[in-house]
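Straight from TrEMBL, the features:
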COMPBIAS  1-30  compositional bias 'Low complexity'
REGION    1-50  region 'Disordered'
COMPBIAS  31-46  compositional bias 'Pro residues'
REGION    148-180  region 'Disordered'
Amino acid sequence: MASLSSSASKSTSQSGSGKTTTSTPISAPSQTPPVPLPPSSSLPPPLDRDPTIQFTTIDELFRDVDRTPGDILIVTHIGPHDFATIERERESRRRKFRFRRYYTSSRILIIALPTDIHEQLHLQLNQQLLSKVTRMGVEDAWQTIGSATRRAQGHPGGGGESDSSGGPRPNRAGPDDWPTLVIEAGDSESLTQLRRDMRWWFEASNHQVQIVVLKWEEELPVARPGAMTTRSVATAVPRLQQSITITQTATGPPVYNVTRGALVLSFKRLFLRDPGPGEGDFVFSVSDLQAYANRVWEAVRD
């Protein structure tokens, strides 16, 4: 799923279901009339089909992380003091999992686990973007931020870590600056939870985050279809605007079919300025998306 949002009254979000999802900015052509989406506060708690445990001790939590087969684990009954202690223990034990989200109000911690497919879902798209940034000659104006922690504005103790992120230099390169681009991936994580993630980044940053790209891998037995959907938002209300789907042939050598054309990320939303001579939006062509799908599915191909 991918989504794009502006820091003012407009936001664009992209989201998707299926094997892989990504988002495109508001400039992308609309295929269907926009459909409003509810704000994150009206969505159900993130406990639908995602694996969920109740926190007891830190040692037991780490054992549960090791036993989790997928890329997501939801932990309930985590108080602010518990979360601070878990953060310290994660660093001291050099564990590689990420804190996708911590909600102080509901005392829920969402942990993202770096499985092969999870990492490929976000790294491959981020790598393609960095290549396009370099070819356009603006690499010195772009700062890769990675999975650095960001704290929710107005909600002390709450926070989140993306899978990949970045922003323009120098105005978004500081240690506490919000990125303009966030990429989050989901394999075993539900699409409902990824949609909550999208809204969290927009709301927690007060729309300083401009684009959220969410890539969702649906566990289907043979065809392994993937989807990329785009949402545009007016007055900070997400609206479904475009859908891009990638499907893999079930037999023979892998062939990837892409529907509804290219993925476009707005230069202005990423760099917070109008494009200059030789600059413009970042276009992920059909062949780019096919190459992306091939690299992602290589991670799970037998």
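Numbering starts at 1 and runs along the chain as displayed.
Each residue, glycine too, has its Cβ placed from N, Cα and C.
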Legend entry - Residue distribution over DSSP helix, strand and coil in the region 'Disordered' (148-180): 0 helix, 11 strand, 22 coil
Inset, instruction - Mind checking which residues of the chain, 6+ beyond the ends of the region 'Disordered' (148-180), have their Cβ under 8 Å from one of its Cβ atoms? - result: 80, 83-84, 98-105, 112, 118-119, 121-123, 125-126, 129, 140-142, 197, 200-201, 203-206, 208-211, 269-273
